[in-house]
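Listed in TrEMBL:
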type	residues	note
DOMAIN	115-295	domain 'Malic enzyme N-terminal'
ACT_SITE	Y138	active site, proton donor
BINDING	R191, N468, N513	(S)-malate binding site
BINDING	E280, D281, D304	divalent metal cation binding site
DOMAIN	305-582	domain 'Malic enzyme NAD-binding'
REGION	383-403	region 'Disordered'
Amino acid sequence: MLSVKRLATKGNVLHKAVAQRSYSHLNASLAHHEYSDPRHDKNVHVMHSRGVNILHDPLLSKGTAFSIAERERLSIRGLVPPRCQEMDKQLLRVKRNLDACETPLAKFVFLAALHDRNETLYYKIIMEHLEELAGIIYTPTVGLASQMSHSIYRRSRGMYFSSQDRGQMSAMVYNWPHDQVDVIVVTDGSRVLGLGDLGANGMQIPIGKLSLYVAAGGIRPRAVLPVVLDVGTNNQDLLNDPLYLGMSHPRLEGEDYYSFIDEWVTAITSRWPDTLIQFEDFKYPHAYNLLAKYRNRITCFNDDIQSTSSITLAGILASLKSRGMSQEDLSSERIICVGAGSAGVGVCEGIIDCMVAQGRVKSREEAYSKIYMLDQYGLLGNPGFHPPNNQDDPQSKQYQPRPTKLDDRQYCYVKHDLRDQMSLEELVRQVKPTVLLGLTGIRGVFSEEAVREMAKHHERPVIFPLSNPDTHAECTAEEAFKWTDGRAIFASGSPFKDVQLPNGKIGKTNQCNNSYSFPGLGLGITVSRASRVTPNMFLETARTIADMATPAQLKEGVLFPGVSQLREVALNVGTRVCEVAFQEGYATAILEQGEILSEVVRSSAYEPDYVPLVYHP
Ligand SMILES: O=C([O-])CC(=O)C(=O)O
Ligand SMILES: [Mg+2]
């Protein structure tokens, strides 16, 4: 294993070589090492081929920015317009064209095409306008783009493994052209955001997540791999659509499903043993079962369960400070979580982990007692407490037990002293929660009655409608502020604009999305080459982010730095995750004496700048 220090030195050697224009001494072994150097994108890129293919390779192309000397060196003289244009002019052109697109979906298609032509320029524009463009390449527009993916399809990106590839996957992985893959985001498209089963159309989600891994987390564009596992779909509209691009059969389930995933994991880890695998948008309970199966075997985590949990915990911890309390007061909160799927259960587990780690609860069971969970039927409560059905009154709501039993993870939240399936409104009246979390994927679940009731009992009710995209959030920011007379501390999964309040003040919104947590996690794991992703890494991610807002921001209800600061957030999180990886003994990179981790992490992060291209046959 090359140490972090030695990798840096290799980069410097190459850099010097370019400065002196003495390319001839770059021997094959250096050129080979260049491919395993996480920083080589910053220094020089050694090419083994030249000609028009370079123009058409989005990882290498500079479009009109190739210098005359480079055009000569790479045999592309005459294949681009005569004037060499630096990146600033290219950015101007791209931004003008982007602004002329009339709809968010048109912007999405435009940016995807840029991604396919010139990745450096794509990341430059994304990073310069992160706040504006995150809403296009990521939630909410990526949700619409996923629904429409088969209609807007232009060019393939990433890899698809489908039910027709069984038995072939360990050979197929070698079709991917890059030997080093640092991060894979994989989905089976079974629960895409709050939009349900979108089958192979789910590919837009790994692509969007990995764009943020690069833009915010500083992972190199050539080292990311988006993947769809196409095990069929139960979405009848897609199955009936002649343009749909995925397999045309219902989803594999049971043993067929799990052995399919197993074949894929084996194939991937045989080619890239130290890659980080992020499981994304798998439906409940597959999401949990896969995490339980692989978390202690390979470097992996589930984004919806673990990184959503981490950022939600960060939001609650920061909200404690903004309400004049300390983060250590977490276990004095009363939390209602509406949603008992992968994100709902995952978010609550993270909160419980933190309560236990803080040591203010006597047991994990006591921590569970602080969180009230509802599914689509209502509170997970005690069926025995239900009044008997009134057979004589056909109008009265008849109690029906849930059609499927709660599993062990959900069962931990059952409140034995409260009636099963109690409505949110009634529960709020009884419990007077301090925090309301929404992870249902259903607009309108946070009713006016429930929110107003909550606001009667607390000066600053914490209202987090976390479902994505914005059209599926449990309530809007306008509603939350209106129903609480502007007093809510508000965070949503997808962005909402700040709200002008009748008293002239501004109701500040926060975006509580896992894009604050996963890019830094990936950076920390890539730099430390951690072999496992551990609960402490998520806990520390939450603590790191919760400590970033200033006292003045907290006072106004701002919990996190804005989306434009995602790179800074990721560098902080990445450094902390790296430290945890070394402390817990999972780091396999070697840190030289005297190296400062935060600097190693910062200097490892990719920057979208054109680097000299050198031809070396
Ligand atoms: O993608 C997002 O915006 C957050 C997320 O993971 C989800 O909602 O599934
Ligand atoms: Mg997700």
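In case you wondered, yes, glycine gets a Cβ from its N, Cα and C as well.
Sequence features, as recorded in TrEMBL, placed on the structure.
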residue: Y138; record: active site, proton donor; contacts (Cβ under 8 Å, 6+ apart): G208, K209, S211, L212, S515
residue: R191; record: (S)-malate binding site; contacts (Cβ under 8 Å, 6+ apart): D197, D281, F282, K283, Y284, A287, G341, S342
residue: E280; record: divalent metal cation binding site; contacts (Cβ under 8 Å, 6+ apart): V185, V186, T187, I205, P206, K209, N302, D303, D304
residue: N468; record: (S)-malate binding site; contacts (Cβ under 8 Å, 6+ apart): T139, P140, G143, L193, G194, G441, G493, S494, N513
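Checking the binding-site residues E280, D304, N468, N513 against ligand 2, the ones with a C-beta less than 6 Å from an atom of that molecule are E280, D304.
A 10 Å cutoff on Cβ-Cβ distances gives D304 (divalent metal cation binding site) a total of 28 other Cβ atoms nearby, all chains included. Residues E280, D281, D304 make up the record's divalent metal cation site, and a Cβ search at 8 Å around their centroid adds T187, R191, V192, I205, F279, F282, A287, N302, D303, S342 from the same chain.
The local packing around D281 (divalent metal cation binding site), expressed as other Cβ atoms within 10 Å of its Cβ over all shown chains, amounts to 27. Within the model, the domain 'Malic enzyme N-terminal' (115-295) carries an average pLDDT of 97.
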